Structure formats: C-alpha cells, structure tokens
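Just below is one structure, and these are the notes that go with it.
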C-alpha cells in the first residue's frame, strides 16, 4: 500500500512534516519548505516503505499480542481490531477520533531539516537533490525558472531652460526663481519691494541714526518765534518751523501746566484741529479748563481752534431721552 502526497494527491509521499502534519512528495516538499526561512526549519521524517521480503506487521500498542491494523491520530497509537472497538466505543468523545489504516510505512528514526542548495548548484536545476536520507523515492523533475522582469532605468532627466529668459523650468513646468514665484503668489508686488530698504513703507521712513528712536523736535527760541509770528499774523497760528533734515514723525508734546484761559476762537469752520507749541509771550494765560459746551457758547459765528500745544478730548453729549425716562450720565 502506498501513501500519496497531501498537496498534489498524485505522487507518492516521501517525507512527513511534523509541523505541517502532512506527507509530501519531493516536489511539494521543495515548494513548501523553500518559501521562507521559517518553513525551512520544519522537522521532516522520511517514510520507510516495507520491502517485499519483510512482511512482518507491527504489534498493537495496547495488548502487545495482536497485529495492529489502525492508527489513531488523537491517541497517537496503533491498535488492533479488538482494542480499537473497546477504546473508541466508550463515549461520544472517543468516537470522534480520527483513525487510519496501517500501510506498513514507517518513519525514520532521525529527522532532517530542509537544506537549500548553494548558488552554484542552483544554476543547474537538474543537479538539485530533494531526496531525504533513507528514502527510496527518486529526485523530482526540475522546476522551471521564473521569467525576470525587464530592468528599469533610474536616470534622471535634466532640467530644460526657457529660451526667452533666465528662469530655469523643470520638466513639469514649475518656475525655479523666487521672483517669478512671488509674482505668481502675490500679484501686484515686486521683489524689490521686499528687498530694497531705502523705499519708505506706507509713506513713513526712519530718520536720524539707526537706533530705532524717533527724534524729538524742540521748539525754536523766542526770537525765532517772534519772527515767525510776524510773518503769520493772518493765520493766527503759532507753529514751530521744523528743519528739513532728519525729518521724522513729530508727536505734539503736552505742556507741564495747562493754560489759564482759551481765546474765543476754538474751532475752524472745517473742524480741523491745528497743532503747535505754546508761547508765553503771544498766548494768553489760562487758569481753568473750559469744557467743550462752554466753548460752543463763547464762539457761535466764527469758530477757530487756537492750538496751545495740548490735546483736548471732546465730550460726547448723549441724545435727548424721552420725557418718561430719566437722564443718566455715562461719564
């Protein structure tokens, strides 16, 4: 009786793998255990078929008297007919055991690990030895070599340049210069606007030394102030003449003491506030601060603002409320 391969079910099995629990022929054994390093470490036992001269059959493992006919996979024992019926008819669990007929084929006493051939011997598939020591099965037919894939070129194509300019463009058409990139992403702006520090930003420039502090413009002396007042009598403005050099942002300064009184002219008709410096000789003394409401009563016809060098915050009068509601001040 012969045992067929559990994989192809055509050829006669030559080895038994304990990890796969399957009988394999020579060709299937090479395909299964040559797949990876883990499969190559499986222990295999060669199948020893009985010879024609030796017809003695093994004895039962239970009674040790009669010839064994069956092999129980769960009990891992060979049983005779009587022992098999008494053991597997005991309950429902033993009835489900898998039993096989004995063919007289024995396993080798020693196991072997699959040893892949070297590179030199792999070139000639006809010289490969797939046999297991102690097996009488001849070498299987050689396997066909798989077709190799065509080699792929890893060359990088050089960048192409535009004939009409100096900007280099790659094969997908994207620009490589920073100026063209900024012109595409920020339309209306040029690279010179970001790089040229001499251009003023939004009409403001930095004057004087590069110390980050704006210059403070002092008023001129009394003689220069009188001379300027004589030239500007029609305008009634006491302004400070600023030098042409190192011209920066001029911030009006608040005097130490408030003027004693304000003139009758506070606001101009166009409601523009004029800034200047306070002069003791030309400006009257102010004792108390007059609110905005008194200013409106003093000059109704021709209102003009006379700058004394300080800031005056106008008071906002809330709209009149209805008669049934009380007036509430928010200030």
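A Cβ is built for glycine as well, from the same backbone N, Cα and C atoms used for every other residue.
Sequence annotations record features per position, and here Swiss-Prot assigns Zn(2+) 1 binding site to 5, 8, 28, 34. There are 13 other CB atoms within 10 A of the CB of residue 8 (Zn(2+) 1 binding site), with all protein chains counted.
Taken through DSSP, the zinc finger (5-47) splits into 11 helix, 12 strand, 20 coil. Feature annotation from Swiss-Prot assigns zinc finger to 5-47 (among others).
Of all Cβ atoms in the shown protein chains, 9 besides its own fall within 10 Å of the Cβ of residue 93 (Zn(2+) 2 binding site). Annotated Zn(2+) 2 binding site per Swiss-Prot: 60, 63, 83, 93, in sequence order.
Under the heading zinc finger, Swiss-Prot lists 60-102 (among others). Applying DSSP to the zinc finger (60-102) sorts its residues as follows: 12 helix, 10 strand, 21 coil.
Per Swiss-Prot, the feature region 'Disordered' maps to 115-167 (among others).
Per Swiss-Prot, the feature compositional bias 'Low complexity' maps to 115-126 (among others).
Swiss-Prot lists 209-241 (among others) with the feature region 'Disordered'.
Taken from Swiss-Prot, the feature compositional bias 'Low complexity' applies to 228-238 (among others).
When the Cα of residue 93 (Zn(2+) 2 binding site) is compared against those of the binding-site residues 5, 8, 28, 34, the shortest separation belongs to 5. The Cβ of residue 28 (Zn(2+) 1 binding site) lies under 8 Å from the Cβ of 5, 7, 8, 11, each of which sits 6+ residues away along the same chain. Cβ neighbour counts within 10 Å, taken over all protein chains shown, single out 83 as the most crowded of the binding-site residues 63, 83.
It is 42 Å from the Cα atom of residue 63 (Zn(2+) 2 binding site) to that of residue 34 (Zn(2+) 1 binding site).
Taking the zinc finger (60-102) as a whole, pLDDT averages 90 in the prediction. Of all Cβ atoms in the shown protein chains, 20 besides its own fall within 10 Å of the Cβ of residue 5 (Zn(2+) 1 binding site).
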